[in-house]
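Everything on this sheet refers to the single structure shown next.
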Amino acid sequence: MGSLDDNHQQTMIMTAASLSQRFEMMSSNTQFVILGSAVFVFFGIHNYLQEAIMNVPGWNYGVMLGFFEVLGVTVCSFWERHYVRKEYGRVAPISAYPLLTGCLLASSALSNLSLNFINFPTKVVFRSCKLIPTMIIASIWHVKIFSSVEYVCAFAICVGLVLFAAADWELAPSFHPIGLIFVTLSVCADAVLPNAQERLFQAGSSRLEVTVYTNILTLIAMTFTTMLSGDLWGCWKLLTTSDSLLSYILIYTIISYLAISMHMNVVKRFGGVTAVLVATARKGMTLILSFVLFPKGFSWFYPAGAILVLGGLLYSSLYKMSQKKGQQLRSQLKHHSSDVQEMSEMDRKPLIAGV
């Protein structure tokens, strides 16, 4: 029996490697179409399942959505690291992970817990606004002054958030301000997480190493906290009485990792600008599908707020990237100019016979 399992595992690994080689041989445009479509499909399924689960009668365990996301990423990244990438050992010490664990725990748990109190579209819009806490932290800690364009974008985003919150306040029967507090705190934790991860990457840790250990520790912490709160037991009882809910959860757990992996591949292969455009379009699609598939009260504050938030985020991201490219170009021109000047000075030096 063990031999059959080993053979099956080896077959799966060889199939994955073969598909990867075929993908690498495709043209850049074909790769983008495949990856971009995969981002839309997987995130679309992920978001549909998330809202469908929240609408199941008796489901009041928003925090468990974060638990199942972390569980899916833990299992899938562990499998990819050990059996596909053949990575073993650890570069960073365990002591480097408590901060990452705390940030991921707060980001995932609070984000999904907020769904008990606010509409799904409001959560999507607020979760998109990492720019605001990032600017606040940079202004306080580093006394950084931003450009007028960035301040205008930040103001547009804030106005959009207010419009979305106002619409929820008026129309959502389950709305409570604590939901806005939860999702805002999750965004703040999410803003710290990449900076903490970057330190480990610079120290030589791979993406998969950081992903595996961060999610394993977060899963342990979430298991403990959800047991104490009773959410784990309540969710388990509900799962045993609903086959459809169990199917939703199983698919949701796996889809979470696939969606994140597709997004990271777009970033890696096509750069930040393309990833921002795809992500913005995806969030717009998510908001539209949410209103179409799960009818809810409508207010013109929703589309107005979405345009301000997503437009502000898109323009701010593209502006930052253009500024970064401009700085790199000026640096290259400066370096080239100094080389030309040095060669010119050498040409003016007199030739000395015998040297």
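Placed from the backbone N, Cα and C atoms, the Cβ positions cover glycine too.
Since this is a predicted model, take the numbers as computed values, not measurements.
Long-range Cβ contacts of the transmembrane segment (32-49) within its own chain (Cβ-Cβ under 8 Å, at least 6 residues beyond either end) map to 23, 26, 120, 124, 248, 251-252, 255-256, 258-259, 262-263, 265-266, 269-270, 274, 278, 281-282, 285-286, 289-290, 293. Per TrEMBL, transmembrane segment is recorded for 32-49 (among others).
Residues or ranges marked as transmembrane segment in TrEMBL: 61-79 (among others). Same-chain residues lying 6 or more positions outside the transmembrane segment (61-79) and placing a CB less than 8 Å from one of its CB atoms are 50, 53-54, 104, 108-109, 111-116, 208, 211-212, 215-216, 218-219, 222-223, 226, 229, 231-232, 234-235, 238, 249, 252-258, 260.
What TrEMBL lists as transmembrane segment is 91-118 (among others).
According to TrEMBL, the feature transmembrane segment maps to 149-169 (among others).
The transmembrane segment feature in TrEMBL is assigned to 175-193 (among others).
The feature transmembrane segment is assigned by TrEMBL to 213-233 (among others).
The transmembrane segment annotation in TrEMBL covers 245-266 (among others).
The transmembrane segment annotation in TrEMBL covers 273-294 (among others).
Feature annotation from TrEMBL assigns transmembrane segment to 300-319 (among others).
Cβ atoms under 8 Å from those of the transmembrane segment (245-266) belong to residues 32, 35-36, 38-39, 42-43, 45-46, 49-50, 52-53, 56, 59, 65, 68-69, 71-73, 75-77, 207, 238-239, 274-275, 278-279 of the same chain, restricted to positions at least 6 beyond its ends. If you look at the transmembrane segment (273-294), the same-chain residues 6 or more away from its ends with a CB under 8 A from one of its CBs are 32, 36, 39-40, 43-44, 47-48, 51-52, 55, 120-121, 124-125, 128, 263, 266-267, 302, 306, 310, 313-314, 317-318, 321. Highest Cβ pair count under 8 Å relative to the transmembrane segment (149-169), across stretches 91-118, 175-193, 213-233, 300-319: 300-319.
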